[in-house]
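Record features, source Swiss-Prot:
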- Asp14, Lys36, 64-73, Ser120, 172-182, 197-198: substrate binding site (BINDING)
- Lys66: active site, proton donor (ACT_SITE)
Amino acid sequence: MYGESLVKLMLALDVMDEKKAILIAKETSEYVDSIKIGYPLVLATGLNIIDKIKESTNKEVICDFKVADIPSTNEKIAELTLNHADGIICQGFVGSDSVSAILNVARAKNKKVIVVTEMSHPGATEYLQNVAEDMAKMADRLKVDGIVAPSTRPERLKEIKSIAKDAFVISPGVGAQGGNLSDVLNVLNENDYVIIGRAIYENENPKNAAKKYKIQM
């Protein structure tokens, strides 16, 4: 890892080509603490891409599948995913029984569960924001490992973090979505992660881009 930093850097690797994904992951691994991948890469390449990234970087890989189904289906998705990944992201709005189904699988495998409270895009203010605090309370009650809260709205990030006080935060929105890193760093601590994606992987030099952000943290 590069130096000692207060807040951790999570790379959102939303590319769709296996070779490109592994190359960027390798190039940036000195500066990132964790790698988050989602449906675009996994649907394009298969679940084995998780193992390939882990082997090539020695970093944890979190699957951002935002799982949102009934408990029995959530359990199946978690089982398949966590045979490979170090953690999985699920939606909180489906309720505590669906989240608990994922938690049960994760606990048996010693893996992480991260619950979405409020997303970073503008549309999240239409519906999701209205119940974000309730989902943060649920996350706190269930003792999930982490929560997702937006860098694009630092005041909301602060409020949500204060509710789910024992969970670490992964926070998207810095970079391409316009979130201000300095504002976010005033809220987060050494257990938390700033998520940066396009500003790194779309840069002509992803390694330097990752280094630039890491230095600021």
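Start at 1 and count along the chain as shown; that gives each residue its number.
Just so it is clear, glycine is given a Cβ too, placed from its N, Cα and C backbone atoms.
Every protein chain considered, the tally of other Cβ atoms within 10 Å of the Cβ of Ile70 (substrate binding site) stands at 12. Residue density at Asp14 (substrate binding site): 17 other Cβ atoms are found within 10 A of its Cβ, drawing on all protein chains shown. DSSP assigns Gly197 (substrate binding site) to coil in the three-state reduction, placing it in neither a helix nor a strand. Note: Lys66 (substrate binding site) has non-local neighbours Ile89, Cys90, Gln91, Val116, i.e. same-chain residues 6+ apart with C-beta under 8 A of its own C-beta. In the three-state DSSP reading, Gly179 (substrate binding site) counts as strand.
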